[in-house]
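In what follows, a single structure is set out as structure tokens and then discussed.
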Amino acid sequence: MSENEPAQMIEGRYRIVRNIAEGGMATVYEAIDERLGRTVAIKVMHTQLAKGPHREQFVERFRREANSAASIANPHIVQVYDTGEFNGLDFLVMEYVHGVNLRHEMNAQGTFSVRETLRVVAETLDGLASAHRAGVVHRDIKPENILINDRGHVQITDFGLAKAASQATLSSTGMLLGTAAYLAPEMIENNQATAQGDLYSVGIMAWEMLTGKVPFDSDNPVTLVFKHVHEDVPSVATVCQGIDPSVAAFIAHLTARQVDARPTDGAAAAEELSQLAAKLPLEAWQYRLHAEPIGGDHTDATAAALVGNIAEQAPLTGVPAGAATFKPSVPAFLADDVASNTVDTGGAADVNPPAPPVAPTTALDSSTPADASAPHKTQIMAQSGSETQVLPQAGDAFTRALAFSDEPDVASNGTGPKKQRSKKPLIIVLVIVLVLAAIGGTAGWWWFAGPGSYWSVPKPDDVTCDANASTECSLAGADWATYESTLKALGIPYKTHKEYSDDVAEGKIISSSVNKTKAVVNSRISKRANQELTVVVSKGVRMTTIPKDILDANSANGKDPLNALKKAGFDNVKHDESKDEYSMDTPQGVALTISPDPGTTAKHNDEVTVTLSKGPMPVTMPNIVGKTQDEMQAALGELKLTANVTEQYDDKVEAGQVISASQEAGAQLKWGDSVDVVISKGPEMATIPSGLVGKQESAVTKTLEGLGFEVKTDKVLGGLFGTVRTVKSGDTDLSNGGKIRLRDANGNPTVITLTIV
């Protein structure tokens, strides 16, 4: 870091000796505290972070590390001595620790004995007990953050994620911080940091020390965290079948899925372990599962210690060739000889494991770029909220082995050949400049163009992707509720809208896109462009209801039933015009029948069958003139025509026969039409009164003509007296009265002949 060249002074007190390591968040230097005359480690924040858009978040975390660690006095916690700001960059002054971290030892040994494991756990719990008493929750306990100093004792480092227990909930940035393989379920689900969460991480770490692997492992970090949330940690005895049940029970107590099922804090867990140790038989202490060392030092930079130059490793690029390397002595607790207590366990335990090689590691900040070989990566995942900005992935790499030259440092006062002294400072400066330039460039690329500039669309757990298939892996069919939790956990911004689907079940994903382009597994969502994942979620098959009044000819739905069904949302309405029927009562176009019944709720694509009315049937008027009334009624009734009957006298048509109709034969009518029909009453009759004989001609004539008859007279002897002697109609004698036709067949008045004397 060019801001702090070797031999440079910070605040007139701390003289930089050399660059120990580079991280994604800060550079760590070995320095001399000129005031107290002791070696310290100084962590200085990178310029691009201190002046970047997320400065406040990084500075908050940087200062939190100082405040959290400084508030705890415990030999098992790396101490922070001082903090400040130099040239606009925050820095921490920390204890300079000689040793290695636990990850290095785990990689070297593979597995540990119960004795070795419980010793590390006991000292870790002691340190956490002090932290918990001070109201501080670490939040990122893992092997990378557990240092084994050169005296063989545990020291916990990296309190950059720590928070006060009273405030250990979702941070203002909405970020979930921690290492996926060791995170407690409540941290994953609610970002709720608890003392019990630290114990859960200790339990997972112990599980890994004994078995050589973590209980949950997956290449997909989302799958990993969901296993922690939804599955119980299996008993360590499932792998270490010869382990003492009380040890397995203790680890199970630490790793219980429910918060309340774990010890309350570090002190309670330490007391439980103390009671366990007092009763544990000798052979139980010696148990060790055989496992091959992982090989290589893949120590996580997030959790490495501030370590002194107690050993050298293969040099980094740029370090002068020929730098000496050597292995330090094994840490005390790992080298203790227990051979005198050897018990034959049938080969199940290795009571005297070989001393592992050790190498120095250097405490970097939690943003060190990831080592590709790291099996358990720290994940940074944002909670819901579209405004949340996810910071560069913190602490997801394993600390790289760093080599330090055993030649005199440029800041030392050692004497040597002048020629060597003139070259070495230049080489070291060039190395520092090149390494820092590379790291700075890499960090810049990572954040602005590389993986830090985008999110990758995660694979749903319930979707199977064929790695050998040429087609892309779609999100379609995945359960949205589960996948939404995944997006929230990863901090991926998203929006949804719901649609009905005939093929995709309710609550499942129909499609996904980013910036209107189809999104599949591993598609990129740009942070720089403020992109978000758009997910279309199925509401299932659309349901709709047949209107209850659809058969009511007087309702709006009844008058146009097909359109009513369309408006209701039915897409599969079956109407066959050839099956429509004529109806006397139902107007044309109104539904006669519908299946299913009105008021039924069904899928929008279910078949709905409708039969419409064609209205009254057209008919042809029959010829009914001259028909009897019964014959007329039968003819019209068959055609569903209505007869309006009237009667009248007719001198030509017999009584009871049809004289006429209002509609001519052959006229086009329809069912229900009315026809006016005139029925004959036959010829009109008139009654001639009796007593006409003997009356005067004039009076009788007047009476008969008044009835409508035509009167003729036949006078005898000239009708001298003018009186009526007989009354006749043709041959019919009506002198005594009688009833006769008023007219003849031609409509002429009937002639009445009077004989006058």
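In case you wondered, yes, glycine gets a Cβ from its N, Cα and C as well.
Within the listed segments 344-387, 520-563, 608-651, Swiss-Prot records region 'Disordered' for the stretch 344-387.
Taking the C-alpha positions, the distance from V28 (ATP binding site) to D140 (active site, proton acceptor) comes to 20 Å. Of I20, E22, A26, all annotated as binding-site residues, the residue with the shortest Cα distance to D140 (active site, proton acceptor) is A26.
Most other Cβ atoms within 10 A: among the binding-site residues I20, A26, V28, that distinction falls to A26. Its Cβ placed at the centre, E22 (ATP binding site) has 28 other Cβ atoms within 10 Å.
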